[in-house]
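Quick look at what Swiss-Prot annotates:
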ACT_SITE  Tyr137  active site, proton donor/acceptor
ACT_SITE  Lys165  active site, schiff-base intermediate with substrate
BINDING   Thr49, Ile207  pyruvate binding site
SITE      Thr48  site 'Part of a proton relay during catalysis'
SITE      Tyr111  site 'Part of a proton relay during catalysis'
Amino acid sequence: MAATPAFRGSFTALVTPFKNGSLDEEAFRKLVNWQIAEGTTGLVPVGTTGESPTLSHDEHHKVVEWCVEEAKGRVPVIAGAGSNSTTEAVELAKHAEKAGADAVLVVTPYYNKPTQEGMYLHFKAINDAIGIPIIIYNIPPRSVVDMSVDTMSRLYELQNIVGVKDATANLGRVSQQRHAMGPDFIQLSGEDMTALAYMAAGGHGCISVVSNVAPKACSDLMAAVFKGDYAGALKIQDRLVPLHDAVFKEPGVSGAKHGLTLLGRIQEEVRLPLIPVSAPTGQAIRSAMIHAGLLN
């Protein structure tokens with residue numbers, strides 16, 4: 001396990017803005033700066049929310065480079081480097097390290113359903129290829145496989161494995177992983193709705209989709225938790241619950257992009273097979289943003 005930067009607080013799983021079918025570099029760089037100004041404590045480009053499945057390798061590389069350049073060391077950048085091909089994941093991780101990312105986020109291999117040993121060897125190959133921290137992304141609903149606590153514990157013995165983004169929706173895993181790996185194993189919630197409860201059980205932060213739209217509120221919630229002000233955090237959560245619901249009525253990427261479009265920060269474009277949100281979902285997002293104090 002490597003020495004790690006301060007991977008705690010509110011991390012935004014950044015959307016990737018498009019304009020006329022191409023990457024919108026200007027909008028992306030402005031989004032990075034706005035996120036930091038609003039209090040976001042870390043950035044995660046080219047994950048699922050960044051539409052990594054529909055980016056070319058060249059586009060993937062560019063977005064990581066732009067994020068690192070624009071962040072200028074003000075907050076850590078955890079670059080998405082996941083694939084169900086170990087060779088491809090190694091290549092993406094090597095590029096992220098070369099670009100100056102502080103860490104990589106690597107999803108458990110999806111669709112091809114590896115065994116626990118296959119997952120271990122996949123992450124070990126990435127560990128052996130780079131020298132920056134690796135955060136496991138465990139998301140059984142999308143990957144179909146669930147990395148066991150035992151496999152995670154074995155991986156934590158390696159030099160660069162430092163933590164997990166946990167989207168199991170099983171709050172018991174926080175305590176089980178803390179017991180197995182200890183309090184220094186970084187645990188980041190991957191579920192906006194349950195992030196507050198995750199933190200109360202021993203989490204270190206959240207990699208959030210909703211913080212694309214509500215970065216200050218998400219950051220303030222984490223800050224309240226770190227101060228032990230759970231009553232204050234709950235008040236913020238009460239404002240955000242309708243937005244958590246609305247953004248995920250359809251794929252969260254489309255929901256987050258719709259919210260950012262309402263704020264005038266990006267164009268709503270997504271790439272097929274994703275499509276923009278329907279009119280009823282769009283109205284639900286608008287209403288939730290008004291409830292959260294993000295729109296008048």
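Cβ atoms here come from the backbone N, Cα and C positions, even for glycine.
Looking only at the recorded positions Tyr111, Tyr137, the densest Cβ neighbourhood within 10 Å occurs at Tyr137.
Neighbours of the residue listed as 'active site, proton donor/acceptor' among the recorded positions Thr49, Tyr111, Lys165, defined as a Cα within 10 Å of its Cα, are Lys165.
Between Tyr111 (site 'Part of a proton relay during catalysis') and Thr48 (site 'Part of a proton relay during catalysis'), the C-alpha separation comes to 15 Å. Cβ environment of Thr48 (site 'Part of a proton relay during catalysis'): Ala13, Gly80, Val107, Arg142, Val253 lie under 8 Å away, each six or more residues apart in the same chain. Under the DSSP three-state reduction, Thr48 (site 'Part of a proton relay during catalysis') is assigned to coil, being neither helix nor strand. The C-beta environment of Lys165 (active site, schiff-base intermediate with substrate), restricted to residues of the same chain at least 6 apart in sequence and closer than 8 Å, consists of Leu105, Ile135, Ile136, Tyr137, Asn138, Ile139, Leu188, Ser189, Gly190, Ile207. Annotation for the binding-site residues Thr49, Ile207: lowest Cβ count within 10 Å of the residue's own Cβ, Thr49.
Secondary structure at Ile207 (pyruvate binding site), as computed by DSSP, is strand.
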